[in-house]
Amino acid sequence: MEDKKITKTAIVETNEYQNTIKNIVCLKSVGLHSGKEVSIIIKPAPAGSGITFIRKDLPSPVLIKADSQNICSTNLRTSVGKNGVCISTVEHLMSALWGTGIDNAVIEVYGEEIPALDGSAKVYYEAINESGIKRLRAKRKYLEILEPIIIAPAGMTEENNYSIAVYPADDFEISYSMDFNHPFVGSGLFESQINTANFYTEISKARTFGFLKEVELLKKNGLALGGSLDNALVLNETGVLNKEGLRYKDEFIRHKVLDLIGDLYLSGYRIKGKVVAKKTGHDMNAKLVKAIDDNKPELRLNKNNKKADSGSGKVRAYGKAYQLDGLLVNC
């Protein structure tokens with residue numbers, strides 16, 4: 001029997017099956033940061049192919065794997081890119097793909113950014129779920145955490161006391177703590193197991209948020225150009241300006257968890273472990289994902305398992321496109 005190599009992670013084959021979407025999904029809206037109208041088409045993909053973005057608006061389409069090595073920016077959003085071509089703000093869509101149990105998909109992108117929609121993962125989740133989930137004939141593999149992986153700044157002080165780590169656990173758990181110097185947001189702690197059964201109700205509807213006093217500076221720096229009350233929670237000194245109010249009483253911290261799930265899915269796997277994050281954003285999330293990737297062992301398949309049939313290896317559209325809230329693109 002072969003000795004097991006001691007590593008911080010292991011890739012484990014489960015009895016679950018991989019999924020893709022059943023029918024194509026077409027969505028469009030303004031980009032949160034670019035302010036430009038952008039659209040995407042999500043298509044089925046074969047088992048083992050993972051999530052792949054394609055910039056289809058360029059003269060020569062560029063394929064960008066949803067992978068930690070392709071993260072090209074973490075400035076207030078997570079962007080992935082290749083050969084100088086980037087796609088911004090992928091985290092909400094990646095979170096929705098995780099939440100719907102999608103392992104494989106091709107996402108054609110028409111623009112430099114993923115559509116903001118309502119600023120959460122809700123519309124993405126609903127559109128993907130409505131399209132149907134197609135089970136594939138290949139087993140799903142998880143990335144199991146065997147030893148702690150910890151990311152923290154050197155010489156932590158009261159001002160830079162942020163950190164993120166992942167520890168061994170039987171399921172996927174998140175413990176997230178935040179502390180904003182704002183009377184309405186304040187501090188908070190969110191702790192829970194997260195899975196496809198509770199993602200929609202507990203996480204997906206939490207919207208991105210920003211502070212009115214920072215809007216002018218952000219726009220001067222080319223950020224939040226598409227931000228509005230339709231796709232973000234906007235706060236003044238006393239509360240939110242959105243007439244709808246909050247969807248969760250702790251919507252701010254739940255959105256941080258939503259972002260974290262989307263960023264972690266750039267590892268290419270669903271994670272079996274407990275993530276403990278303190279005051280982190282996309283930059284620290286990305287550092288953890290890259291550290292996980294650096295500790296990723298080579299896949300060792302069980303020799304007693306038959307090789308799964310992953311289909312033809314071709315991406316197929318299934319003829320029917322779904323729209324939600326008038327967001328259909330002409331496919």
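Just so you know, glycine gets a Cβ as well, placed from its N, Cα and C.
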- request: Kindly point out which candidate in His33, His92 is recorded by TrEMBL as part of the Zn(2+) site with His255, Asp259.
  value: His92
Query: Which is it, of His92, His255, His282: the one of these recorded positions whose Cβ has the most other Cβ atoms within 10 Å?
result: His92
Field: CB contacts for Asp259 (Zn(2+) binding site) [other CB atoms within 10 A, all chains]
entry: 24
Query: Can you tell which of the binding-site residues His92, His255, Asp259 lies nearest to His282 (active site, proton donor) in space, using Cα positions?
result: Asp259
